[in-house]
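According to TrEMBL:
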- Gly115, Val116, Ile117, Gly118, Asp119, Thr139, Ser140, Lys152, Lys161: NAD(+) binding site (BINDING)
- Glu194, His256, His275: Zn(2+) binding site (BINDING)
- 77-189: domain '3-dehydroquinate synthase N-terminal' (DOMAIN)
- 191-340: domain '3-dehydroquinate synthase C-terminal' (DOMAIN)
Amino acid sequence: MTKAVAAPDRTCVRVELGERSYDILIGPGLIADAGAQIAARLNGINAAIISDETVAELYLPILREGLAREGIESTDIVLPAGEKTKSFEHLIEAAHGVLEARLERGDAVIALGGGVIGDLAGFVASVVRRGMRFVQIPTSLLAQVDSSVGGKTGINTGHGKNLIGAFHQPALVLADTAALDTLSEREFRAGYAEVAKYGLIDRPDFFAWLEDNWPQVFTGGPARIEAIATSCRAKADVVAADERENGKRALLNLGHTFGHALEAAVGYDGRRLVHGEAVAIGLVLAHEFSARMNLASPDDARRVAAHLKAVGLPTALGDIDGDLPAPDILMHHIAQDKKVKRGKLTFVLTRGIGQSFIADDVPSSEVLGFLKEKHPQ
Ligand SMILES: NC(=O)c1ccc[n+]([C@@H]2O[C@H](COP(=O)([O-])OP(=O)(O)OC[C@H]3O[C@@H](n4cnc5c(N)ncnc54)[C@H](O)[C@@H]3O)[C@@H](O)[C@H]2O)c1
Ligand SMILES: O=C(O)C(=O)C[C@@H](O)[C@H](O)[C@H](O)COP(=O)(O)O
Ligand SMILES: [Zn+2]
């Protein structure tokens, strides 16, 4: 395979997965350059670009132009923006769009957008013709540091988050950091929760660095690129060690058992809570619950909450607008978590900042008691 040379202002992180290894290129200008980068790696393809209405208006013409320059014919499938697009209805719409364009198995599905589009488009690529090639062009901070890497794809149902999906790795990830300039502050903050997550999993020095440098990460420039590259390296290491979450990969779920239950409980209503915000609250709850179980100091939970609050993220159940379902409803959603084994809850807990671990068989009664204490009503 031809390896494209990274430009000097670009960082390349490699995800090592044997014959399915791939590069994550990080830096400005990668949407315009995507045609050349894709042509250098995936010979002689045509493509379907799946995007959302907001991102398509901003970046679809420039992507299409770059593909055309390389002789790559493309068709567009543009879906509504927001979490509700990760649905059966839009899966069918996108899959039919790919089939109507008469693309072959060797052609590519390109995701141009945030994590919603990446997860949906990746699932389309995994099932149409039993598996097409897939390229991620993540445009939100969350997608650049997390969802575009690692091959988890899928949709939500009323039963819970990401419950229908597949593992399907991309062949290439192109994270154009200049695209973050048009992202709203709320969505940038939400993505930052997943950045902080890597520090809290097993990189205490990175968490401390974020505590000192987060304003520069928000402003842009080298600190932002550094935070994105460190996050991608952290995720790439875990995915390379445990691609299909038979063990260690579950650490990437820190904060998500609570977070996903909250997203389901508000009906995936992004006006009330987006994924990264749910993760922010979930990260604090995971640290508080660890303290309640006498595994960690309450000071660590206070430190996590203080940092996420300083950044402007929600950190408690009471920060969610509107009525929150009762603790037993939240427990019902937690019981649908994909980490449940033989009916027992698995949580990612912690012994301190950057000392997370996977705890099997966490008593439901403890979790319910904790949620009753934390519930705002
Ligand atoms: N597969 C994984 O490993 C993984 C990891 C983390 C999160 N996720 C999933 O990712 C989803 C959340 O992703 P998200 O936070 O990117 O949400 P999103 O895809 O809804 O994007 C957030 C919003 O920002 C807009 N947007 C995106 N890029 C933009 C840009 N450059 N300029 C202007 N607007 C832009 C979008 O239109 C959308 O309105 C959730 O469904 C979550 O479950 C998946
Ligand atoms: O890549 C992973 O593994 C993660 O857990 C990353 C999470 O940030 C992400 O939200 C993921 O979609 C959660 O996966 P799920 O298996 O809990 O649905
Ligand atoms: Zn997440």
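Glycine too: its Cβ is placed from the backbone N, Cα and C atoms.
Curation does not apply to TrEMBL; its annotations are automatic.
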Whole-number mean of pLDDT values that fall within the domain '3-dehydroquinate synthase C-terminal' (191-340): 97
Ser140 (NAD(+) binding site), number of other Cβ atoms within 10 Å: 27
Nearest of the binding-site residues (Glu194, His256, His275) to Gly115 (NAD(+) binding site) - Cα to Cα: His275
All-chain count of other Cβ atoms within 10 Å of His275 (Zn(2+) binding site): 29
Secondary structure composition of the domain '3-dehydroquinate synthase C-terminal' (191-340) [DSSP: H/G/I, E/B, coil]: 107 helix, 0 strand, 43 coil
Cα-to-Cα gap, Lys161 (NAD(+) binding site) vs His256 (Zn(2+) binding site), nearest whole Å: 10
Distance [Cα-Cα, Å, rounded] between Ser140 (NAD(+) binding site) and Glu194 (Zn(2+) binding site): 12
Annotated binding-site residues Gly115, Ser140, His256, filtered by Cβ under 6 Å to ligand 1: Gly115, Ser140
The domain '3-dehydroquinate synthase N-terminal' (77-189), counted residue by residue under DSSP: helix, strand, coil: 50 helix, 34 strand, 29 coil
Of Gly115, Ile117, Asp119, Ser140, His256, binding-site residues neighbouring ligand 2, Cβ under 6 A: His256
